[in-house]
Amino acid sequence: MRKINFFDTTLRDGEQSPGVNLNAQEKLIIAKQLERLGVNIIEAGFPASSRGDFLGVQEIARTIKNCSVAGLARCVKGDIDAAWEALKDGVEPRLHVFIATSDIHLKHKLKKTREEVVEQAVAMVKYAKERFPVVQWSAEDACRTDLDFLAEIVEKVIDAGASVINLPDTVGYLAPKEYGNIFKYMKEHVPNIDRVNLSAHCHDDLGMAVANSLAAIENGADQIETAVNGIGERAGNAALEEIAVALHIRKDFYQVESTIQLNEIKRTSDVVSKYSGMIVPRNKAVVGNNAFAHESGIHQDGFLKEKTTYEIISPELVGVTTDVLVLGKHSGRHAFKDRMKTLGFKLTEEEINKFFETFKNLTEKKKEITDDDLISIILEEKVADRKIGYEFESLQVHYGTEQMPTATVSLKNQETQEVIQEAATGAGSVEAVYNTLERCMEERIHLLDYRIQSNGKGRDALAEVYVTVSIEGKETAGRGVAQDVLEASAKAYVNAVNRHLIFKSNLIEIEKHHAIS
């Protein structure tokens, strides 16, 4: 059976989603989860774009052992050199080099002729091949490129040493039949096409990214470029989880297989959602909360009699546990450690001790601790280790229907260890909290977005708040989890500011590194 490779671009194209700004530690956590998921290639970033991206890609390449790590580059020597330096210590360094090929891009962006683009593409693929064992070449805006010219340039970059040819629908324009026909055309008109793997990269501007990717597979594509939860620039990329499950459930039709560990899908989706701040819609295929819910009476009756009447995907297949085991205040360290292992977390003894303490504190407020609660604890604590910015200490809010809400907040400056306490009012309780926090902080902060959802079920479910703020003209997302909505709101705000300060700290370190070197 033919094998389909999954090239995941969550950390590169996915991070280009508006409002998403992952720090290096968060990217590494996501990369490790993608490795557990079983993707074949992780596109970790664009090393030449910034020193921060370079170091992030380098760390991921040095850490990941069970799949290839790729970096993006333009057809420019400087980009290729930067990518090699970032990736050379990886298991299988892979370059993803691209140049636009459509007439509209050649005329308005590159200001080059077709002949000049062919010459540049061939020269840079040859240059890259001197370093990289695997070179993937992309024809940016392939779907609006003249097919005869596309076939010509593809043939020449294959002769230059490309191992993978990517034909992206950069603007999400084509219908599935049209996109599939491009792969068919390449198969029929490029003499050396059998020497390479063909790759599909689809955007969801017209809602057809997954359908187009599957059409590419039907017409000979060997690799699919995806992002977890379908995140990405504009309307997003093809959703990894939807394609992986479709290929599995309809193996009879597609006759292909992959290395994706389907039972890791839900946790991967949760990890990406929590760190990116992009909430998964309830009706999202495969990973949405409603994906396995049945409300219609007729559907419920049939489902209870025989699941397969209305359920083609079992929750267990994608890692949605139906295990009702819960932990509580009487659960010991061993039970906690065992549950962490069951959930797939590999923790050191030091981490277990720290997380167990957080867990015990939560049991004083919440009777039953679910898997969702545990995952939230781990994800929040894992990125709270760097002692930069502010530590949230306490919050008190006074509210009455006929009174102006007043908040009192205590924060600790983690650099000076000074405890800062302020009070302020607001039109509502959340505004009062945020006005108070701003009085505690030196930064000028503008709140752009505020979202809240429950984590788990029941009246004692944890509140999960996501905010997007602008500081010094830069957007940063923050996340906070607590049993109380106002505490979660405060933590999300502090988290966003701390992420901004960590980003600034990283830039300072990078500038110091440049000065030394």
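Heads up, the Cβ atoms here are built off N, Cα and C, so glycines get one too.
When Swiss-Prot records HIS201, HIS203, ASN237 as binding Mn(2+), the matching candidate from ASP8, ASP13, ASP449, ASP460 it lists for that site is ASP13. The Cβ of HIS203 (Mn(2+) binding site) lies under 8 Å from the Cβ of PRO168, ASP169, THR170, VAL171, GLY172, ALA209, GLY232, GLU233, ARG234, ALA235, GLY236, ASN237, each of these being in the same chain and 6 or more residues away along the sequence.
DSSP assigns ASP13 (Mn(2+) binding site) to coil, not to a helix or a strand. Taking H, G and I as helix, E and B as strand and the rest as coil, DSSP gives the region 'Regulatory domain' (391-517) the counts 44 helix, 53 strand, 30 coil. Sequence-distant contacts (6 or more apart, same chain, Cβ under 8 Å) of HIS201 (Mn(2+) binding site) comprise THR9, SER138, ASN166, LEU167, PRO168, ASP169, THR170, GLU225, ASN237, ALA238. Note: ASP13 (Mn(2+) binding site) has non-local neighbours GLU43, GLU225, ALA227, GLY232, GLU233, ASN237, i.e. same-chain residues 6+ apart with C-beta under 8 A of its own C-beta. Excluding ASP13, HIS201, HIS203, ASN237 themselves, the residues of that chain whose CB lies within 8 A of the CB mean position for the Mn(2+) site are, in sequence, THR9, PRO168, THR170, CYS202, ALA209, GLU225, ALA227, GLY232, GLU233, GLY236, ALA238. Under the three-state DSSP scheme, HIS203 (Mn(2+) binding site) falls in the strand class.
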